[in-house]
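TrEMBL lists A:15-33, A:45-67, A:123-146, A:153-172, A:202-221, A:242-261, A:267-285, A:292-313, A:325-349 with the feature transmembrane segment. Taken from TrEMBL, the feature region 'Disordered' applies to A:365-399. Residues or ranges marked as compositional bias 'Basic and acidic residues' by TrEMBL: A:377-388.
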Amino acid sequence: MKSSSPLKWFASREGLYYLALALLLVVILPLALDPFRLNMVGKYLTYAFVAIGLVMCWGKAGILSLGQGVFFGLGGYCMAMFLKLEASTPEATAIQSTPGIPDFMDWNQLTALPWFWEPFHSLSFTLIAIIAVPVILAFVIGFAMFTRRVGGVYFAIITQAIAAILTILIIGQQGYTGGVNGITDLKTLAGWDIRTDAAKTTLYFVCVGMLFLCLFAARFVQNRKLGRILVAMNAQENRVRFSGYDVAAFKIFVFCLAAAFAGIGGALFTLIVGFMSPSFIGIVASIEMVIFCALGGRLSILGAVYGALLVNAAKSGFSESFPELWPFAMGALFIGVVLAFPNGLAGLYQSYVMPLEERLFKRKPKTEAAAPAPQKPVEKKDEGRDYDPMLDQYSPEKS
Amino acid sequence: MNAAKTTSKDFLLAVEGLTVSFDGFKAVDDLSFYLDPKEIRVIIGPNGAGKTTVLDLICGKTKATSGSIKFAGKELTRLKEHQIVHSGVGRKFQTPSVFEDLTVFENLEVSYPQGHSVMGALAFKRDAAVIEAVEAVADTIFLSDALDQPAALLSHGQKQWLEIGMLLIQKPDLLMLDEPVAGMSVAERQKTAELLRRITKDHTVLVIEHDMQFVGDIADRVTVMHQGKVLSEGSIEHVKSDPKVIEVYLGH
């Protein structure tokens, strides 16, 4: 039904949700906002990559990571290192005691480029590293934790510790990393000036395009048997194990997938914002990322995008008027989500808007319902819990 | 015990000198028993006798302190849980553990023995063979009409059947069932006995059960455990008349 024809899929309810998001991001926001605001939306969207990963990792598979900022940061730093090297030509840095190396290295009395910076002269290496570095770290962490059956709260604490360690490491190794200021003063990407309004608008659309690629990748995984195993593992890990699956391998996979998404988001963040610093990857940033996911609805990949957009928009709005109140507002938001609507916006949408939609949609699918008649009554018995494209839980996929 | 049999290689399952110690407490203590192919063996015994621990040891949930478990000539004690499953051992837990968020169909599909690796699960296609196998098993476990229902909506008895079905679709050589009729109504119990009798034609089955009526119904042989050891073994009549068994388990 879904895979039969892509055109049909766009007319299905799930397809319409994706179309609506595309319409919002590609048409409405670019028309409604000036380049500065659009650039801000682009920044919010880079967090949506992390939130989608968290839906897969936390919402579906039940692995709560409080250190997604690490992977976001690694992707971002990889990009920033490339851009910084490009900006640090011998001509541009002629006044330094060692021309040709990034300015902060010169300030820290470094006289040569550190070995691990060397490969970032190459754009293709950088593009690979943006995904590979977070994934390799996620694999190492995942392998060490999941094969030893470390899970739940312990895993969350360890990921948070890793976020703290990475932040301290970056701040402490100022000469190699730019320290607390991060890597700033980025200018061009392969000769293309990323600071102009036109470039920022282009980057916004690149970001939207990448976001949809990641959405479809996540959707693909969740609709395969692998997606059902993740959900199954969440509730009945032992049953999955004794059905012949290596549970640790599946956990490592989904953790690496989330890390890859986060890495892509981080790299786009660097391009869109124009710098990278430890404040975007530490404990607080990582917890904020979990809130984006929780508010959007931790079972819905589309909800995660809206969650990231809304929380960040609220953050900017609040910070512009009452900067000191934002942490309290965010805390209240998180408590509110946990207490009042644990399935986030997607859950609210599902219980309040969907029944209305149901009535509108009921006329349309009649032609479709005529053929597979015996199954439809069973599906309609419990509305909301059953076929549900937002959560994509029990979608009866017929090949 | 069974000294004559240890020399033979025809057993499907040979447990020898199996011991597991939890902080010095020996839950299973130098236990040995042997299953013939296609045999239905029931393990009975008082609470804390180590019955469930034996199943845990065989399926790899608990690691043995010493001893060996040979299944079809393969040593299981060193394998991981999923490798033991792939060798042909299926285990049903005492409390029904089905995937409540998935439909009955998806529960059985996930248990279908194909696409068990990460990439395999990504590439897995719901083809005709899968649908046929799922429908056949659903028919066996009386759940043909509930295929599209989330498993959360099933009754307790139906969940037990579903979990048995999830084992059947794996096509294991050895089925291990931990109290399959616990908490079932009389009607469900009879249906389950019928179900087990049907599936035991093609499988070797190891069952833990307390219900003596049910044990008498299905068992080829009975092993009575007490304090981690075998107290008595043989036919149901033999075991029932054994004074030691009457003393510690059945009562006078």
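Cβ atoms are placed via backbone N, Cα and C, with glycine included.
In summary, the transmembrane segment (A:123-146) does not lie against the transmembrane segment (A:45-67): fewer than three C-beta pairs, each 6 or more positions apart in sequence, are under 8 Å. Most Cβ pairs within less than 8 Å of the transmembrane segment (A:15-33), among stretches A:45-67, A:153-172, A:242-261, A:292-313, belong to A:292-313.
Most Cβ pairs under 8 Å with the transmembrane segment (A:292-313) belong to A:45-67, among the candidate stretches A:45-67, A:202-221, A:242-261. Looking at which of A:153-172, A:202-221, A:242-261, A:325-349 has the most CB pairs under 8 Å to the transmembrane segment (A:45-67), the answer is the stretch A:242-261. Long-range contacts of the transmembrane segment (A:153-172) within the same chain, counting only residues at least 6 positions beyond its ends with a Cβ under 8 Å from a Cβ of the stretch, are 63-70, 73, 77, 141, 145, 178-180, 278, 281-283, 285-286.
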